[in-house]
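If you check TrEMBL, you get these features:
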type: TRANSMEM; residues: A:6-32; note: transmembrane segment
type: TRANSMEM; residues: A:53-75; note: transmembrane segment
type: TRANSMEM; residues: A:81-99; note: transmembrane segment
type: TRANSMEM; residues: A:119-139; note: transmembrane segment
type: TRANSMEM; residues: A:159-183; note: transmembrane segment
type: TRANSMEM; residues: A:204-222; note: transmembrane segment
type: TRANSMEM; residues: A:228-251; note: transmembrane segment
type: TRANSMEM; residues: A:258-277; note: transmembrane segment
type: TRANSMEM; residues: A:304-327; note: transmembrane segment
Amino acid sequence: MLYVVILFLWLALLLYLVMGGADFGAGIIEMFTSKPNKMRTRQTMYNAIGPIWEANHMWLIIAIVILFVGFPVIYTTMSTYLHIPLVIMLMGIIARGTALTFRNYDAVIDDMQKVYNKIFVYSSFITPLFLGIIAGSAVSGRIDLHATDFMSAYIYSWLNWFSVSIGFFTVALCGFLAAIYLIGETNEASEQKRFIRKAKLMNVAAVVAGASVFAASVAEHIPLIQWVFGNIIGIAAVSLASISLILLWILIYRGKRYIIRVLAGFQVTMILLTTTYKHYPNIVILKNGGYLSLINDHGADKTIVALGSALLIGSLFILPALVYLVWSFQRKPQNIKDQH
Amino acid sequence: MDNFMAARSQMALSLGFHIIFSCIGMVMPFFMAVSHYLWLKTNKPVYKNVTKAWSKGVAIFFATGAVSGTVLSFELGLLWPEFMKHAGPIFGMPFSLEGTAFFIEAIALGFYLYGWNRFNKWFHWFTGVVVGISGIASGILVVSANSWMNSPTGFDYINGKYTNIDPIKAMFNPAWFSQALHMSIAAFAATGFAVAGVHALMIMRQKNINFHKKAFRIAAVFGIVASILQPLSGDISAKMVAKRQPAKLAAMEAHFKTEEYSPLIIGGIPDVKNKKVDYALELPGLLSFMVHDDFKTPVKGLDQIPERDQPPIAVTHYSFQIMVALGMLMMGIGVIYLIAQFKKRNWFDKTWFLKLFIAATPVGFIAIEAGWTVTEVGRQPWIIQGIMRTKDAVTPMPGIGYSFYLFTAVYLTLSVAVIFLLYRQIKMVPEIYDNTKPSTH
Ligand code: HDD
Ligand code: HEM
Ligand code: HEM
């Protein structure tokens, strides 16, 4: 059952990265859109994510609940030493969720919209940035359980080149996902062109941030290269990801709107796979070589069995309903705003 | 501000904020479902308009409830890591089921809010009902986690180690039923009164009377029924508290002396130093009767509880008095409504009747905050009753005071924003939802 729980944790993270990521990315794209086009982008975006944003955001909750029920030591260690970035991320989540809803449900349309838009756009950027920083910090080996001063316990645990680069990489990835997704959401050629340009921009940004991640890992003695290239799964995943990226760009220009989404999702899956496979099951790597492991640091066996069963039974209800939700709103794309 | 106080205040603030939104998110879907049903049955457009107007309000509350809930699931670890390290695996079961309930709720909400004219009309209505049911389910589950903190079961605590963990038994701890029942009814009572109050105000201002009257009826009926049941379930809760947390009961009652014919103390100002209550109404024997079903058997007082295990007495006592007083008030209004319903139908047009409901708009929520203060402050100094002290659970990170100020600022801003948005929703009713003025919506 432990493996069922771990699988669910991994899937929840993956789905949060893909679905939630595209969702954050929509705000990032809006940030990089010129004024005259903002309104249309916003509309396209809202039609795409309106019905599912609450559900997207649930993957994070599922991951957190799995952590604190099943792996309490991992949860509490991270929340103690990464307190500050977590609080910033939470502020981002609050600001973004409320701004998105407020701007859409405010009965009076006036200058307040500008305020909502600003908050929405900035928080769409901040949240994945810190999410990435938190993920990076977990494996950067900077969490020091024996630290005695404030800075090394609560600041340097996350404020370092490696973690911050991962943060920017995450932002670029979210933007890329969103651009790819939005290409398929509009029928206007000029708008599609704009989204393709955004996808390019984000792709370049991801490559730059990725290079920075590797450079930082070398400078800071994090065996990232070994995790990625030191094993057959890693090499296979990286190769598949590269091939699929080329394919993705060919298909974008052929106007295939749905298959490119699958390929973009595949990219993210491969990235998560390579980065988690080699150091699995040690998801938090501590200073001085210690680590917290999914296999060793889990809660009582009975709890794991109960948690696994709850997840299995829950997914029987959730997955079909979620698929039906996404499918119904894909099938009849129409202007949602007119509906209420 | 010292770290420990700051952490407690931040937790209290976040929960106190979240509870308002979660109650509304839990109960409003039922109001909408009723109004929606009436529309489907009668085809009167006013019901459709009420449903749609409410659904916009709900979307705003939902988003705020969802984000503040997300914050809470992190805050448990951010503020109380030592607690979560041990408690997580024990009381986690309801949280993992709650995850499922939230998820279903979020999916159903997507269908409901965006599904007008897209689906079979009964399927669409049904998704609204699912939102309500899964909301209630998640409320019950999270309260069962809280009740575990009041009556920890499902593990053995030996030499500081938690062994023999049984998460199912922990979930069905002795307090879960009374707390979950009381909380669910409270949510209906508070939301019913609040919504009815707002619509009563609009009726009195002679605005869109037909629309607001229909809305008022639906909300009021839910609120009235719940507020009549509430004291009954409160009695069950009090008996449970007496059994498992005598210190909390004694603090609620400011009951200092253990003696035969223990009095029920109503109101008054507890004088903790001299161990007495000034200016209170004392009804001899009644507390004994409520706890033990006979007037004589003594009820354990604060004199039998070591000082270091006593909760803050004044706060607990005042909060309890406030909750009970407001509960009685709401029940009284409920009875008046029932009389009007069966006999004096013309009361519905009288200003005093409307004013009564307008004045009662916030009382349910005040009672809820007071009730939670009783439960949570009354559990002090324990975070897990009798097992772990709150001060041993707090995070080692210094400077939580700043985090508390930040959260206070954010929650204040959000509260203002939500009120502002609701005000604008209501202001726009004549233009968007009143069928006497045709509109495209
Ligand atoms: C509309 C709100 C409301 C109203 C009118 C009442 N309550 Fe209440 N009460 C709550 C809302 C609430 C609550 C906020 O929902 C609490 C906090 C925890 C819980 O389970 O319910 C609560 C807790 C609570 C507790 C503590 C339970 C515990 O610690 O486990 C007791 C003993 C009572 N209530 C008793 C009463 C009585 C005798 C009432 C008589 C009128 C009453 N309540 C009215
Ligand atoms: C939403 C309704 C709730 C409200 C308004 C509420 C209120 C409060 C208050 C006022 C405190 C501070 C008590 C003090 O330190 O003196 C507190 C503490 C706390 N509550 Fe609750 N509570 C609620 C529900 C819950 C639930 C459902 C849980 C967990 C499952 C929970 C867990 C905690 C914890 C861990 C603390 C900190 C430790 C402590 O002070 O004992 N609360 N809450
Ligand atoms: C008595 C206390 C509580 C009640 C009754 C309650 C109930 C609810 C309900 C009904 C929702 C659904 C969203 C909505 O209607 O707005 C919600 C949201 C949420 N609550 Fe609470 N809650 C309580 C306390 C807590 C605590 C202590 C936690 C965390 C440990 C928590 C975590 C969450 C989360 C994560 C969400 C977001 C789910 C979503 O996106 O829909 N809640 N809560």
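Glycine is treated like the rest: Cβ placed from N, Cα and C.
The largest share of C-beta pairs under 8 angstroms with the transmembrane segment (A:304-327) comes from A:6-32, of the ranges A:6-32, A:159-183, A:258-277. The transmembrane segment (A:6-32) shares more Cβ pairs under 8 Å with A:159-183 than with any other stretch in the list A:53-75, A:159-183, A:204-222, A:258-277.
Non-local neighbours of the transmembrane segment (A:159-183) in the same chain are 17-18, 21-26, 28-29, 32, 41, 44-45, 48, 125, 128-137, 140, 142, 192, 195-196, 198-199, 201-203, 205-206, 208-210, 212-213, 215-217, 219-220, 222, 248, 252, 257, 260-261, 264-265, 268, 271; each lies 6+ residues outside the stretch with a CB under 8 Å from one of its CB atoms.
Residues 136, 139-141, 160-162, 165-166, 168-169, 171-173, 175-176 of the same chain, all 6+ positions outside the transmembrane segment (A:204-222), place their C-beta atoms under 8 angstroms from a C-beta of that stretch.
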